[in-house]
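*Asks:* A single structure is presented below for examination.
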């Protein structure tokens, strides 16, 4: 039987684009795992997507996954828009290319490995999982900012 995992994800960016971070809190039964990372120049949407992607990559076996995100871009993109984008060769209905195709394709490849429910949660509210993911994302962003500061 597949194991159940609950994941909270978030992204943070100073400027858009700018230094950014992503974070995720994974909960399995009685255990939890926190992960975070950064990019020196990125966007808020890329960090939101990276948080979900990296969290899914942590999972070593097929799982039933609930992903909570405060990004409607991520939730709608992966559950609604992606199917048309793929049919349209990664173009939107107005023939403009879809942004972040590299990450959408990587996320899509993770879908076949798990049963995933994508849930939207209001950001910066009272959801403890989202608050924890936000703190991790901010930690990643601050790391990126420190690196840039050291480089002058």
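Cβ atoms are placed via backbone N, Cα and C, with glycine included.
The annotation domain 'RNase H type-1' is assigned in Swiss-Prot to 1-142 on the grounds of sequence analysis. As annotated by Swiss-Prot, Mg(2+) 2 binding site applies to 10, 134. Among the features that Swiss-Prot reports, Mg(2+) 1 binding site is placed at 10, 48, 70.
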*Asks:* Out of 10, 48, 70, 134, give me whichever of these binding-site residues has the highest number of other Cβ atoms within 10 Å.
*Replies:* 10
*Asks:* Take every residue in the domain 'RNase H type-1' (1-142), average their pLDDT values, and give the whole-number result.
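*Replies:* Mean per-residue confidence for the domain 'RNase H type-1' (1-142): 96 out of 100.
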*Asks:* Give me the sequence-ordered set of same-chain residues, not including 10, 48, 70, with a C-beta within 8 angstroms of the centroid of the Mg(2+) 1 site's C-beta atoms.
*Replies:* 9, 11, 47, 51, 69, 71, 74, 123, 130, 133, 134, 137
*Asks:* Using DSSP reduced to three states, classify residue 70 (Mg(2+) 1 binding site) as helix, strand or coil.
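*Replies:* Looking at the DSSP assignment, residue 70 (Mg(2+) 1 binding site) belongs to neither helix nor strand, so coil.
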*Asks:* Fill in the CA-CA distance, residue 10 (Mg(2+) 2 binding site) to residue 48 (Mg(2+) 1 binding site), as an integer in Å.
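*Replies:* So the Cα of residue 48 (Mg(2+) 1 binding site) lies 5 Å away from that of residue 10 (Mg(2+) 2 binding site).
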*Asks:* According to DSSP, does residue 10 (Mg(2+) 2 binding site) fall in a helix, a strand, or coil?
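*Replies:* SS state of residue 10 (Mg(2+) 2 binding site) = strand.
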*Asks:* DSSP on residue 48 (Mg(2+) 1 binding site), three-state: which is it?
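*Replies:* For residue 48 (Mg(2+) 1 binding site) - judged by DSSP and reduced to three states - the answer is helix.
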